[in-house]
């Protein structure tokens, strides 16, 4: 059968279809044209891809140039932090390690390109003194240095696994509490609402020191607590050394007193003992003996009106209960990357650590605020002591040794602030990690000689202090900041992938579970925690051996942020008319004098702040980047990427590019 002389082709157009009849001879011409068009289309496709690649490279180049410009500007205008200037031992060690690493990297690069290798070169093939020295170093490294580094890495890995197991057990305990819906419960009818005398006497304390930004909102929140007015007394414990600020706080107290609130103002002339001394002085007042419980709120905390009704009833019917601790919530958790990462840490602390320890063993570290104490428990445990910078943990440990039980109520949340600048956060973490080591040295004899059970003693010594306060910062810094970069130059002691990648990511995943909205920050959280290990390690060592600024107590800087509901509730009080009312209500000073003070307050020059440079973090950044370059020669893969991103994280933190930026 003869082939058809013509072919019908359907051509699709944007606005429809059309039929074209093509003769057999013409069809071959069409196919040739199609073949001629295809290379042009391919060429345009390649040009388009090339344009996109060039645009991407251009964008990356501009971003890199902008970053270098920002870094240069930051270095030119920044100051070295005071803490960095004081603590030089660790910095000198890191700097020496960095210099050795750079020299080793240069030698390794030369050896790599000249193909010097201990296994491939025979002794008689060695040429020149430099090559001979390098081969001697390789032999010495294999025989003497590698075994020592390998032993250190195995020791730190064991500590790492033990601490990871502890966190896993805590998470399983939290899952069990959630699954069984276990939580402390109160009797809804514990007190007769119609009979105020059935409510216990409660003392509320607000310790503060130069808290200019937050004193008003804290006092306002506490004064609105829902409790019979004749069964509550509020103490504003002001340690401020600014005369104008003292006057403003006094006026705030007077304003609420005239509204019928039972509130008093106390100021110490000699500020000894910091917060512990302030609380100790307040508890020595004669009228305190009339009160059964004391609630404590730091100056940036804003409890809900029902706070006391959600916490105090837990004490009824349980005479051995000494403390009810509430959870913190944060008004500025989404302010910047630093506050988001802090939120992850603290959510795990409250949701997992505090809740599990509170439910299963009735003991945890008092958080220093947002808690209610039975005054009898404080007195029998020796009261507030000024011997450490963690007076809250101190009183909690002593109360536990005296047999008192603690309860953590995860459902009761108190609004507060997170530090927004890295400088403030670093100082806070230094105090939080040096204080426990001071306390451990002081409390160890008392723990051993106490009458509590062997299991409780073991929990205090091995879990509460050693594992969670000493071992955690020790292995984090040693393993990931010292041993890991060291193994890049000593490949015989190389760490396995599951140590530097798989288990850390899994543990970070567990840490981030209580804050599910923070899952996008999983990797930044892991890198930042390793970065903070240098601060925590330095603080732990200084507290354990009483070095440097171990006993320095620095008030965490506040910004005075409030939630939207707080701003609406306090808008009228913060208006200009309320300031005028304060002036007219003052009886000890004339209105003109008070007005002059307010004007001075408004125009008081604020000392210009600058972002800081952190030398230890910068030195570690260059150390890790040097190790990353060495791992690139050996094509380590995951090791290279971990060291690269960890080094860049240290660099960002060292230049104070995380947290609040000050122009």
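In case you wondered, yes, glycine gets a Cβ from its N, Cα and C as well.
Annotation source TrEMBL lists domain 'Glycosyltransferase 2-like' at 294-503.
Per TrEMBL, transmembrane segment is recorded for 42-64 (among others). Beyond its flanks by at least six residues, the transmembrane segment (42-64) meets no residue of its own chain at a Cβ-Cβ distance under 8 Å.
The annotation transmembrane segment is assigned in TrEMBL to 93-113 (among others). If you look at the transmembrane segment (93-113), the same-chain residues 6 or more away from its ends with a CB under 8 A from one of its CBs are 134, 482, 485, 489, 616, 619-620, 622-623, 626-627, 629-630, 633.
With a cut-off of 8 Å between Cβ atoms, the residues of this chain six or more beyond the transmembrane segment (144-177) that come close are 183, 351-353, 355-356, 359-360, 463, 467-468, 471-472, 474-475, 478-479, 483, 486-487, 490, 492-493, 495, 499, 503, 507, 510-511, 513-514. If you look up TrEMBL, you'll see 144-177 (among others) marked as transmembrane segment.
The feature transmembrane segment is assigned by TrEMBL to 460-489 (among others).
When Cβ-Cβ distances below 8 Å are used as the criterion, the transmembrane segment (495-513) is approached by residues 153, 157, 160-161, 164, 167-168, 171, 344-345, 348, 479-480, 483-484, 487, 519, 521-523, 525-526, 529, 638-639, 642 of the same chain, each at least six residues removed from its ends. Here TrEMBL flags 495-513 (among others) as transmembrane segment.
Marked as transmembrane segment by TrEMBL: 617-633 (among others).
Sequence-remote contacts of a segment are chain residues at least 6 beyond its ends whose Cβ falls under 8 Å from one of its Cβ atoms, and for the transmembrane segment (617-633) they are 91, 94-95, 97-98, 101-102, 104-105, 108-109, 112, 481, 484-486, 488-489, 531, 534, 639-640, 643-644, 646-651, 653-655.
If you average pLDDT over the domain 'Glycosyltransferase 2-like' (294-503) in this model, you get 95.
Tertiary proximity for the transmembrane segment (460-489) is limited to same-chain residues at least six positions away from its ends with a CB under 8 Å from its CB atoms, namely 97, 101, 104-105, 108, 149, 152-153, 156-157, 159-160, 162-163, 166, 365, 397, 400, 433, 436-437, 439-440, 444, 447, 495, 499-500, 529-530, 533-534, 536-537, 539-540, 544, 620, 623-624, 626-628, 630-631, 634, 636, 639, 642-643, 646.
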